[in-house]
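Visitor: Take a look at what TrEMBL says about it:
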- B:23-43: transmembrane segment (TRANSMEM)
- B:27-429: domain 'Oligosaccharyl transferase STT3 N-terminal' (DOMAIN)
- B:93-113: transmembrane segment (TRANSMEM)
- B:125-144: transmembrane segment (TRANSMEM)
- B:150-168: transmembrane segment (TRANSMEM)
- B:180-205: transmembrane segment (TRANSMEM)
- B:211-235: transmembrane segment (TRANSMEM)
- B:247-272: transmembrane segment (TRANSMEM)
- B:278-296: transmembrane segment (TRANSMEM)
- B:308-332: transmembrane segment (TRANSMEM)
- B:379-407: transmembrane segment (TRANSMEM)
- B:459-508: region 'Disordered' (REGION)
- B:459-475: compositional bias 'Low complexity' (COMPBIAS)
- B:476-486: compositional bias 'Basic and acidic residues' (COMPBIAS)
- B:496-508: compositional bias 'Basic and acidic residues' (COMPBIAS)
- B:524-546: transmembrane segment (TRANSMEM)
- B:584-643: domain 'STT3/PglB/AglB core' (DOMAIN)
- B:755-788: region 'Disordered' (REGION)
- B:755-767: compositional bias 'Basic residues' (COMPBIAS)
- B:768-778: compositional bias 'Low complexity' (COMPBIAS)
- B:779-788: compositional bias 'Basic residues' (COMPBIAS)
Amino acid sequence: MESFRFCFLMLTIAILASPALSDLVLSKVDRRRPYVLQIYLTSHIVRISSTVKVENAGPEKESLVLLAFPEQQAKNMAYLMAAPHEGKGKVKNPVVALPVKAANPKDMPAALTFYSVSLPQGLAEGDSFTFDVLAVFTHALRPIPEQITQADIQLVLYQDSAHYLSPYAVKVQSLSVKLPDSRIESYTKLENTKIHGSEIKYGPYENLPSFSYSPIAVHFESNLPFAVAQELVREIEISHWGNVQVTEHYKLIHGGAQSKGEFSRLDFLARPIVRGASAFRYLVANLPPRAHSVYYRDEIGNISTSHLRGDSKKTELLIEPRYPMFGGWRTAFTIGYGLPLQDFLYESDGKRFLNITFSSPMVELVIDALIVKVVLPEGSSDISVAAPFPVEQWQETKISHLDIDGRPVVVLKKTNVVPEHNQFFQVYYHFSQLSMLREPLMLISGFFFFFVACIVYMHADISISKSSASYLAKRQWEEVQAVVQQVQNIISRCLTIHDNLEASLRDLSRTGNIQACKAARKAADGLLKELSKELKPLLTFLQSSPSAAQVEELVAKERELQEKVMVKHSTVVDGYEKKLGARDIENRVALQQQKLTALRQEVDDLLEFIDEI
Amino acid sequence: MAAPETSTAAVQTLYTNNTLRNAFGGVLSFFILLLIGVMAFSIRLFSVIKYESVIHEFDPYFNYRVTQFLAKNGIYEFWNWFDDRTWYPLGRVIGGTVYPGLTLTAGTIWWLLNSLNIPLSVETVCVFTAPIFSAFASWATYLLTKEVKGTGAGLTAAALLAMVPSYISRSVAGSYDNEAVAIFALIFTFYLYIKTLNTGTLFYATLNSIAYFYMVCSWGGYTFIINLIPMHVLLCIVTGRFSSRLYIAYAPLVVLGTLLAALVPVVGFNAVMTSEHFASFLVFIIIHVVAFVYYIKGILSPKMFKVAVTLVVSVGLAVCCAVIAVLIALVASSPTKGWSGRSLSLLDPTYASKYIPIIASVSEHQPPTWPSYFMDINVLAFLVPAGIIACFLPLSDASSFVVLYIATSVYFSGVMVRLMLVLAPAACITSGIALSQAFDVFTGSIKFQLTGASSNTEVDAAETSSSTAESQTDAVKTEKPEETAKNRPSRKSKKKEREHGEKPSTKAKAEKKRLLALPLESSVISLLLLVLLGAFYVVHCVWAAAEAYSAPSIVLTSHSHDGLHVFDDFREAYAWLRHNTDVDDKVASWWDYGYQTTAMANRTVIVDNNTWNNTHIATVGTAMSSPERAAWEIFHSLDVKYVLVVFGGLVGYPSDDINKFLWMVRIGGGVFPHIKEPDYLRDGQYRIDSQATPTMLNCLMYKLSYYRFVETDGKGFDRVRQTEIGKKYFKLTHFEEAFTTHHWMVRIYKLKPPKNRIRGKTKKSKSKTSSTTSSPKRSGTKKKNPWQ
């Protein structure tokens with residue numbers, strides 16, 4: 001602490017020794033309305049908004065106004081913006097911002113960092129101009145004590161100057177410091193110091209010389225979430241099939257006072273406000289409207305503690321880390337969501353451009369290092385980026401689903417990011433609509449060739465050797481199979497003929513038409529002869545095959561059966577011709593009939609057996 | 001003249017019809033198989049839908065971690081991986097002590113997908129490996145059963161296996177365990193064995209060895225294969241079914257399979273050294289002797305053969321006796337008789353509980369109860385006997401194998417719950433056979449009865465010409481010879497095999513069928529009952545998959561009147577460890593949580609689920625059952641920074657450390673005799689209420705579990721044990737609470753640093769020695785700290 005103060009003291013001296021830069025006079029620097037410097041300490045992001053009325057007291061025309069920040073602050077500065085003052089109200093991202101550049105004027109103390117604001121038109125002598133400056137600082141609050149137990153409240157210290165540090169003389173100036181809570185441990189008391197609940201007012205001070213500096217320190221309670229993302233990788237992937245997929249990988253730390261000693265869940269659950277005041281339990285992300293497929297997980301799986309509420313204006317995602325975040329505790333997680341493409345992708349003069357916010361949707365989150373990767377569809381070209389503030393930028397390639405040469409990735413990197421950076425940026429690129437069909441066509445052709453290959457394989461004979469024993473054996477076996485099949489067919493046809501003969505006999509017994517029966521017999525004879533003729537070459541072919549014995553047996557049995565059927569037929573027909581009684585005929589045939597059935601049985605069995613081969 | 005012509009034409013069309021029908025049947029069964037695969041995959045997705053795509057339980061986390069390593073570092077690094085994150089300070093050579101099959105499979109799938117530019121994460125691949133392989137397993141079952149009993153039985157068995165609860169329990173999405181892949185490998189190896197046995201080609205024999213190699217890579221259960229197949233070969237030889245096909249099926253498997261198995265580092269020379277493999281070598285010798293005898297028999301005349309037999313038998317017996325004596329002596333000289341503990345506990349179910357508490361402490365190594373059979377294989381338990389009978393009609397080489405498989409697996413499943421998994425495929429195969437046979441009989445008789453009743457109404461277009469003739473001949477030959485009834489069964493089964501290839505001569509079959517045919521009503525009713533049984537099975541399986549076996553066990557849910565409660569405490573604790581402790585901090589916990597801690601928290605653990613070093617586990621057990629001071633010293637000597645205990649008393653989570661505590665005492669006491677189990681029991685009862693022994697109330701586990709527990713409700717009511725705790729108000733002197741999860745299920749304590757503690761402690765312990773009956777003991781246990 002002491003050394004810190006001393007440092008500031010040195011600084012003050014240094015500033016006082018330096019000469020005035022120009023004859024500009026800050027007629028009124030107000031930290032309170034209408035011309036006030038206001039310091040918002042209501043979150044862990046420090047915001048200093050000041051309204052400056054600048055007046056040219058010298059003869060020369062001036063168009064540049066220098067803003068000075070001590071090195072200590074400049075190091076932590078995340079965002080600086082100046083805009084013409086528009087009556088009442090705070091600075092609200094006005095449309096026309098004044099250009100702000102880092103400046104390095106000569107003969108200025110080295111311990112200060114300067115930025116120059118270019119005024120819209122030069123100020124002639126006596127002219128004045130009013131503008132607002134918003135400066136945002138991160139890591140500017142220092143927890144004192146640095147380590148607290150679970151039961152302690154978190155106290156932080158903020159240091160600044162009560163006087164407006166400027167290379168110009170200041171006519172009137174006042175300062176107000178807004179705190180989150182009225183509980184203040186201590187604060188520097190100067191003349192004209194007032195305290196209004198959670199607001200401390202310094203000033204007004206009049207006619208301050210240039211570089212006047214009066215250190216103040218405010219030590220107060222702040223139990224707001226000190227959420228700091230040490231690294232955030234945002235991947236925005238565009239699919240022209242209608243989706244913008246955003247994936248955000250957070251590495252989060254509680255940036256407040258380190259927790260020490262035991263963590264008792266009991267105390268935390270029983271009295272969460274007293275025991276565990278410094279911890280934060282949830283974060284809120286304001287996603288764009290119509291965000292869908294939201295997920296929240298880490299490397300070991302889904303995290304079930306989250307809530308999603310949505311309306312037409314925005315989608316609010318409330319996430320709880322796996323455990324309450326105490327000072328110094330870390331966690332890492334990923335959230336992802338899909339957005340409708342038409343809300344973010346536009347076309348202008350032949351080029352498409354993506355218009356999407358740069359930073360994290362989390363509320364009041366400080367990001368130490370933000371990497372935004374915009375993955376464009378495969379085949380995009382002429383890529384350019386328009387960002388509202390300077391960023392580091394390079395290109396990569398990402399190979400994803402079914403890519404051949406990868407998707408171009410624009411990588412933007414920025415350190416020290418605050419919610420004020422959550423502005424829209426644009427990525428312009430060329431993309432032909434036909435490239436969209438690339439992957440489906442690839443899949444279709446892939447499957448097509450696969451099936452064609454299958455068909456070719458099934459139909460082509462790809463044996464290595466046409467003369468190898470096994471191949472020949474296989475071919476032979478196939479032939480034998482075919483022949484056996486034919487034999488079986490013939491035999492079964494024979495059997496059908498036998499059945500027809502039997503049928504004709506039955507007709508005979510019913511009608512007594514001997515002639516018809518004889519005709520049937522004749523036809524059957526002819527057919528059977530034909531069939532036996534057909535059978536001969538097949539049998540000779542089969543002679544050498546292993547199943548020849550069975551087939552021959554089958555044929556022999558069939559012959560026998562054939563003969564028996566014929567004999568029976570002729571006996572019956574004879575009987576009718578001789579006009580014997582039906583019973584006589586049956587008696588005569590009975591024996592034959594028995595043999596017939598037995599034979600038929602055997603033939604059937606053989607057929608079945610052969611069939612199994 | 002017209003009639004014969006039409007009949008020949010009809011035969012022709014019938015012939016083409018048959019080929020068409022065969023082709024149609026082929027396409028149909030292809031699509032059925034495809035659907036079975038889809039079902040097998042999708043029924044296992046309940047866990048992803050109901051919970052999330054996450055790795056389950058304990059062992060899968062280790063496999064997942066190994067796969068991550070493999071994916072990141074490649075195969076060579078993997079073989080040489082010495083893991084210093086576990087078994088601190090010993091470490092573990094992962095490459096040499098793990099069955100690499102599963103890891104390599106998932107790693108290959110991941111690599112393949114990534115080289116096709118499909119960037120799936122390793123986790124996704126691991127989660128879905130098991131369902132994919134279940135689909136493969138059901139296809140393998142189809143192939144196996146088809147080899148045994150034909151396509152119908154194959155399809156039925158595949159459908160049954162696709163959803164058998166026992167297998168689902170080990171292969172839901174996320175259950176990334178060896179068994180998921182191993183069951184497929186097991187069935188496929190059996191299929192290739194049967195295929196070789198049926199065809200006798202060396203091609204399949206080689207494939208069989210490779211499948212066996214894959215099985216050896218995947219699971220320690222490969223010993224089941226290498227014992228079952230020799231048993232079957234022996235059975236075939238004894239029952240006189242020796243053939244050259246049998247020789248080809250077996251000999252290459254032993255030679256190639258053993259060589260390949262020895263390539264797996266974790267098996268290595270065990271493939272020839274341990275007793276589990278001796279049966280295969282013995283049968284290998286026997287089959288050669290038998291083959292030789294058959295060869296000689298073929299050469300010599302019967303007389304000469306007899307002479308030769310007497311000669312050889314007399315000489316051979318002497319030699320065999322000598323060899324066997326040497327073998328027995330060799331085996332007997334090793335302490336465990338050359339058997340590993342787990343195998344021994346298979347042969348002697350009481351072995352583990354007597355000698356190895358670590359094996360006995362695992363719930364899945366306990367014998368199953370009857371309800372668990374019903375839970376795990378459900379109606380299959382009733383169908384199995386019918387299937388076995390069907391296997392005997394007729395008995396072939398293949399069906400005798402199935403009978404042997406089911407018989408042995410029933411025995412093994414009776415010894416260990418875990419081996420229920422081996423029973424499941426066997427039960428599915430036999431039940432599939434039974435079901436399909438029954439359907440054949442019933443549908444056959446219905447068909448017959450219908451066609452018989454109204455001959456002309458229901459006939460195929462092709463049969464019209466001959467059907468009238470047929471029915472008339474039927475009428476003539478009413479008296480069918482009864483003799484054929486004898487060989488009815490065999491014929492019936494033959495017919496089964498070619499249900500699709502219906503022959504033109506249906507008449508004779510119809511005759512036979514008439515004899516087999518059941519009355520129409522009874523067959524319709526039986527058919528309905530069978531369908532009902534199947535439906536019951538399906539309902540049960542879906543229920544089991546959805547409710548019983550889908551919980552990932554790291555995320556718990558409970559339904560209460562105000563909705564679903566999610567208990568995600570384990571991951572909360574692991575995430576806390578991962579992000580808020582130093583990378584090299586050592587975390588001590590009971591071994592159950594070792595794998596999860598290394599995988600999810602990425603912190604070094606003292607012991608884990610690979611229980612290879614009993615002494616080390618006993619040390620942790622001793623520390624947990626010692627008083628605070630002694631425990632602190634043990635942990636401190638092990639360089640432990642955090643101690644993690646699982647405590648279910650607040651929300652009623654029953655499998656917490658207090659319930660496992662007796663095993664810690666037993667295992668600890670097995671190595672360090674000053675820990676005595678009776679000290680923790682009051683009259684033989686394990687209790688933590690006011691009746692508990694002082695040793696129990698002062699041990700570290702009790703203190704870490706119940707530290708400040710009484711302040712939650714003022715009484716200290718433990719909702720798992722349903723009692724108030726014995727010692728309610730106490731302070732920790734050597735440990736401090738570092739983190740407790742939302743539902744208190746995981747409590748992490750930090751060891752206090754030594755210097756401050758010793759000074760503060762001597763003062764403090766004097767001031768608050770109200771209950772220090774254990775203080776003299778402390779000095780006693782201190783000396784016995786094995787790490788000092």
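Here the Cβ of each residue, glycine as well, is placed from N, Cα and C on the backbone.
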Visitor: Take the domain 'STT3/PglB/AglB core' (B:584-643) and average the pLDDT across it for me.
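Guide: So the average pLDDT across the domain 'STT3/PglB/AglB core' (B:584-643) works out to 89.
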Visitor: List the helix, strand and coil residue totals of the domain 'STT3/PglB/AglB core' (B:584-643) as derived from DSSP.
Guide: 33 helix, 8 strand, 19 coil
Visitor: The transmembrane segment (B:308-332) and the transmembrane segment (B:150-168): do they have three or more Cβ pairs under 8 Å, with pairs 6 or more apart in sequence?
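Guide: Since fewer than 3 Cβ pairs under 8 Å link them, the transmembrane segment (B:150-168) and the transmembrane segment (B:308-332) do not come into contact.
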Visitor: So which of B:93-113, B:125-144, B:524-546 has the most C-beta pairs under 8 Å when paired with the transmembrane segment (B:211-235)?
Guide: B:93-113
Visitor: Counting CB pairs under 8 Å, which listed stretch among B:93-113, B:278-296, B:308-332, B:379-407, B:524-546 touches the transmembrane segment (B:180-205) the most?
Guide: B:379-407
Visitor: Could you tell me whether the transmembrane segment (B:125-144) and the transmembrane segment (B:23-43) are in contact, taking contact to mean 3+ Cβ pairs under 8 Å with a sequence separation of 6 or more?
Guide: yes
Visitor: Could you tell me what the rest of the chain brings near the transmembrane segment (B:93-113), counting residues at least six beyond its ends with Cβ under 8 Å?
Guide: 63, 66-67, 69-71, 75, 78-83, 119-120, 122, 125-126, 129, 132-133, 176-178, 180-182, 185, 214-220, 264-266, 610, 612
Visitor: Let me spell it out: take the transmembrane segment (B:247-272), skip the flanking residues so only those 6+ beyond its ends count, and list any with a Cβ under 8 Å from a Cβ in it.
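Guide: Contacts with the transmembrane segment (B:247-272): 79, 95-100, 193, 196-197, 200-202, 205-206, 208-210, 212-213, 216-217, 222, 226, 229-230, 233, 280-281, 283-284, 287-288, 291.
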